[in-house]
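J.: Sharing a structure below in structure tokens format, with a few things to ask.
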């Protein structure tokens, strides 16, 4: 690793030295990134879900339907803004803005790239960074819930209120799991600043196993796999995306917290949902997927992690994660509310706690090298994996055939059609009737029916 | 450091800190007054959220970014959210009534409150007048988070563990109070529910609504099945099933 390579990593000392126009430019860039990501994200989601459901998706407005979201947004802006009579006017007005502001603010501490040179200024591609940047992200996501909860409450009707209530309970539960999985990142990286975490994921340790040097990956998605999985699940819960979109479950709550919203206020809620999805993908990328660092085959090229290129890797990772969000939505049915809560509190939380305990135990053993630690983790994990794969399953009871089930029914059961029922041919197809045997249907053939 | 331009330094008050203070301090006060003055419980909670947010920013401003963020996450994000949850469960129209049960209570409260604020403010002013804060640089020497962690797990570890034990006891107590003991055989799983539903003698379909094919719109009138019989299942259990007499169904003369 050459010194010039290391100089690409911004440290906390590199922030706060920009002239005002550069700061303004970065802020505008982050904001525009959020808006543009929403525009393209809605299109992307509809196209991908369309592909998964074997239909074209939006393809009329602009090339490949790219401008569909823009057209929808314009239409929404010109719609009538309905204010319900029972609404709490001030809170009703502010709720969508709270949502959007919190979702966009989180982008300010996301590192988009390493140090670059803009008009002679050597500056990191990140709006700002603080020693507690990840906590700022958590704060943004927990404040964003206020928008949803207050929107539901201020609408003054039942379904939004239920959606808001669900949302508040959901966010509190899943934020616990989310915070705990970040703890593992803090412990490993030794810092809470986002640029520091990205830098910490850069140096993969060299492992010498059986005489050969193998570069171990530095990404926390691999080192801290359980944390990564739990964090991403919690992220889906935190952003109200399917299969955890209970606050806006359309089969139960119409549209949940945004039932009464229309026009631009509704558009703001929509915007905040997609910005939150993109922000959370960016945060997951930063915390677990090496941030703007290039993935393995590209790192063979010397200049992969310097200059403006890393922004491309960053966007690629974010898009991949957004695709996973969409994939989940296209694949999984919505959870029932009690299943959802049980999953959060009784599965994610205990696993997380045990994992943190194991991790801190491993880290406190100082006289082991990384290879010893890897063996200490890898062998039990492998044994556990093989055991679960090849564990002899209890021989299931042979399932009774449908005929046996029908015979075993008690007297007076609900009437069943005869088991050998042949569908009677349509009387209009006379030719086929002649070729088939007559249907074997006798009324009341089942003696157990009453 | 990026913080040095805005955050408090040991020596004096920087411009950025002063501007932020004078913007947020009135807001925090406004939130506090609004919290007491608001009639709607949810509005009251929202004013408190404003004050807590301002306090969080103040902590960040005083070179304590960790405690500031924790203030926002824990107090504003979790605890106030639980408050809101309960308030919303109670109902959105639970505004305070303005009838004073104790005569002169409000005036007395205002006077006493102002007096107390004056006392505390005066005492603090007298105590801190002319003193310069020192030791901020040393406290944050190895980083704010690390400094707090060092104190928390060395000097104050007993108090810290005691507090956590107290919180866990409270949580376990709440769980015990809310826990409903159910024996294993009392738990009904989904297959047995379905079996019971389709067992002989139980009609698996939905109950007919009262008044279906009925001669009256009263809920006491049982539904009439398509074959002409009356069905008891359509009326609430506390209502006796009866056919209305001819006298009851004739017009009462109110139409004239």
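Backbone N, Cα and C atoms are what each Cβ position is placed from, and that goes for glycine too.
Because TrEMBL annotations are produced automatically, they should be read as predictions rather than curated entries.
Pulled from TrEMBL, these are the listed features:
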{"type": "TRANSMEM", "residues": "A:20-44", "note": "transmembrane segment"}
{"type": "TRANSMEM", "residues": "A:90-112", "note": "transmembrane segment"}
{"type": "TRANSMEM", "residues": "A:132-155", "note": "transmembrane segment"}
{"type": "TRANSMEM", "residues": "A:176-198", "note": "transmembrane segment"}
{"type": "TRANSMEM", "residues": "A:218-237", "note": "transmembrane segment"}
{"type": "TRANSMEM", "residues": "A:266-288", "note": "transmembrane segment"}
{"type": "TRANSMEM", "residues": "A:308-328", "note": "transmembrane segment"}
{"type": "TRANSMEM", "residues": "A:340-362", "note": "transmembrane segment"}
{"type": "TRANSMEM", "residues": "A:374-391", "note": "transmembrane segment"}
{"type": "REGION", "residues": "A:395-423", "note": "region 'Disordered'"}
J.: Quick check on the region 'Disordered' (A:395-423): DSSP residue counts for helix, strand, coil, in that order please.
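T.: DSSP composition of the region 'Disordered' (A:395-423): 6 helix, 0 strand, 23 coil.
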J.: Which range out of A:20-44, A:90-112, A:340-362, A:374-391 gives the transmembrane segment (A:176-198) the most CB pairs under 8 Å?
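T.: Result: A:340-362.
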J.: Given the cut-off of 8 Å on Cβ pairs that are 6 or more apart in sequence, determine whether the transmembrane segment (A:90-112) and the transmembrane segment (A:340-362) share at least 3 such pairs.
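T.: Not in contact, no.
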